[in-house]
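A.B. asks: One structure is given below, represented as structure tokens, and several questions about it will come after.
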Amino acid sequence: MSLSHLYRDGEGHLDDDDDDERENFEITDWDLQNEFNPNRQRHWQTKEEATYGVWAERDSDEERPSFGGKRARDYSAPVNFISAGLKKGAAEEADSEDSDAEEKPVKQEDFPKDLGPKKLKTGGNFKPSQKGFSGGTKSFMDFGSWERHTKGIGQKLLQKMGYVPGRGLGKNAQGIINPIEAKQRKGKGAVGAYGSERTTQSLQDFPVADSEEEAEEEFQKELSQWRKDPSGSKKKPKYSYKTVEELKAKGRVSKKLTAPQKELSQVKVIDMTGREQKVYYSYSQISHKHSVPDEGVPLLAQLPPTAGKEARMPGFALPELEHNLQLLIERTEQEIIQSDRQLQYERDMVVSLSHELEKTAEVLAHEERVISNLSKVLALVEECERRMQPHGADPLTLDECARIFETLQDKYYEEYRLADRADLAVAIVYPLVKDYFKDWHPLEDGSYGTQIISKWKSLLENDQLLSHSSQDLSSDAFHRLMWEVWMPFVRNVVAQWQPRNCEPMVDFLDSWAHIIPVWILDNILDQLIFPKLQKEVDNWNPLTDTVPIHSWIHPWLPLMQARLEPLYSPVRSKLSSALQKWHPSDASAKLILQPWKEVLTPGSWEAFMLRNIVPKLGMCLGELVINPHQQHMDAFYWVMDWEGMISVSSLVGLLEKHFFPKWLQVLCSWLSNSPNYEEITKWYLGWKSMFSDQVLAHPSVKDKFNEALDIMNRAVSSNVGAYMQPGARENIAYLTHTERRKDFQYEAMQERREAENMAQRGIGVAASSVPMNFKDLIETKAEEHNIVFMPVIGKRHEGKQLYTFGRIVIYIDRGVVFVQGEKTWVPTSLQSLIDMAK
């Protein structure tokens, strides 16, 4: 219950002088703050107050003494005034106030006026009483005086626990020894008003800290409290600090972020989240919008609703200031980030420029070396030009010029390689080469100049060319040198050369074949040599010409090879014409034809023999007369001399047709006239010895001789009971057995040879892998039949590589071989291909 109604005046207003004695019952902020304060002033209720409450009487005359030294104000006593003449001096009054201040306990009035309960004020005529208990002062002064002459129990207990007098307390005697010194303040001013109040002991135990640092720290602390919470909360605000390294890391990350798309940067955005419509012209402008509240909206309306005491009002809100501060912070961060990027850019630029400086220095040194080398090269070239002047004192020779070019190539290779060697050679070397070969006779001394030209080939020829052809004239100095300087001498010599005198020309080209370019050699053979040979073959007559044609055609085979094939057809034609009236008794035909056997293909050679030689041999063998008593063997010898020239099958065919029928007929007639079997045996063995093993191994020849043995055995067996030459039957049986055994041994030996050949071939095939495709099979068959199988360089048909199989041109497509016909390509079998190639 409030007592405010007791202190109202007649008009119902409270008296201002009575505010100090008014006490409200509501809970104030001071009550909340001093709820747990043990030093707050408490009012102890007496028994009378507890009984009568607010109606308890106050007896000012019988008030009990209090420790405060003051009595409660007696408002019933008359008002006393202090005379001005009796007023104490300033010094005495100050002393009394000091004593009062020292003795006055902490009361509620010492706290701020707005924090404690308001008391009833007294008028200016009232003074607080300074009286205390009447008899308590002296008693307190003598309290504990018995300790002056004896030791207390505490001292004894400490000594029992190990205390040593003169040392500090604690396990390690870390306590203080001397009591804390006190220093009396000079006046009544505040702390620090009269200078430092620290004692000597305090200065020793706690050295003086830097006052400026303390002041700065205190200033920063107070500065952070410039906006104070009106609720009285002492909670310190939390600050987040960003270091420079964090800002640098943030800047490095932001550089990696992708830039917004250009399409989105031009989009019109209408913001209707506020009180009014706002228009932005890009999404990036939305991020720059600050959180300033709309005008006209009360601050209280923007705060979230809270209940009771938790509803706290902010001290004051300054969104513009916060926005400006945020802008300053962001600008500072951007400046730091930009400075870091600029610093990194400058560092990178320094590194880049240092590298460029090093590279530039290297380039400069290289250019200086190049300039020095070029000046030396220029000096050598100028020396060559000076010595090439006509009527000079020291004319330049081809060997000396080669040594100068070798110096250029060895010491100044880069400059020599990059220089235009063609122009340099044309200006210097060509005149010297012309002068060197002006008296040259190639057919007399074919190797003249090969050494010096070989040296110039290594100096002038460009090894980087992919193809060496006539198109290299503009880029290769050596090819141009040989074509423009050396080739005219060769043309003059070939124009005066006789093809029948082939050896000097062949030796000359053999000497220069490895020096001159390939295309120049091909040009010589195709355009100069072959036309001369073709013309000479057309003029050759085998019947009247005493010089065999092979003597001046075949020496060109190593150089020209397949280029000579167009000459073979007219040669065969002329030889066929010459053999029309030939008789086997003329051995010159064999001498003329024998060199051509290895040149012509097996098929063409066999065809030539069957057309021109075999019929003549058959006629000769048909004229042979077999007479056991008087045998003329000339015709037989003429035929058998051609055994190596014609094939075994052709020779066996001649024997089967023209020899064995007559020979068996003579044998039968001889056996029917009581012959001498010993003579028949000798005659049989004599004729058999006239044939070579290759002919005897032929099955047809074996059959004929076995037939003769059978005839002899039948003749011996059929004459049983008649007169028989003693031992004839045994001799014929022995002869038959011997011949059969020889045939068996020969067949066994042939089989063994074939097995060995197959074994060796199998080892070779296993070592070189079995043919896995049709092309490998054709190549294997070509090797077995001694047929040339090789690709035609630069020739294709429908993207397929062309090959030469003997004289036939073929190509392979998906396991099928195609042969070139008259108008189209015809597929054929492998065996037919082999027969056609032969």
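Positions of Cβ are set from backbone N, Cα and C atoms, glycine also.
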A.B. asks: Among S60, S202, S291, which is the one flagged in Swiss-Prot as phosphoserine?
C.D. replies: S60
A.B. asks: Which residue from S96, S139, S339 is recorded in Swiss-Prot as phosphoserine?
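C.D. replies: Matching S96, S139, S339 against Swiss-Prot annotations yields S96.
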A.B. asks: Where does the phosphoserine label fall among S211, S254, S573, going by Swiss-Prot?
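C.D. replies: Annotated as phosphoserine in Swiss-Prot: S211.
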A.B. asks: According to Swiss-Prot, region 'Required for nuclear speckle localization' applies to one of these ranges: 361-385, 486-510, 711-735. Which one is it?
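C.D. replies: Comparing 361-385, 486-510, 711-735 with Swiss-Prot, region 'Required for nuclear speckle localization' matches 711-735.
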A.B. asks: What are the helix, strand and coil residue counts for the domain 'G-patch' (150-196) according to DSSP?
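C.D. replies: Across the domain 'G-patch' (150-196), DSSP assigns the residues as follows: 8 helix, 0 strand, 39 coil.
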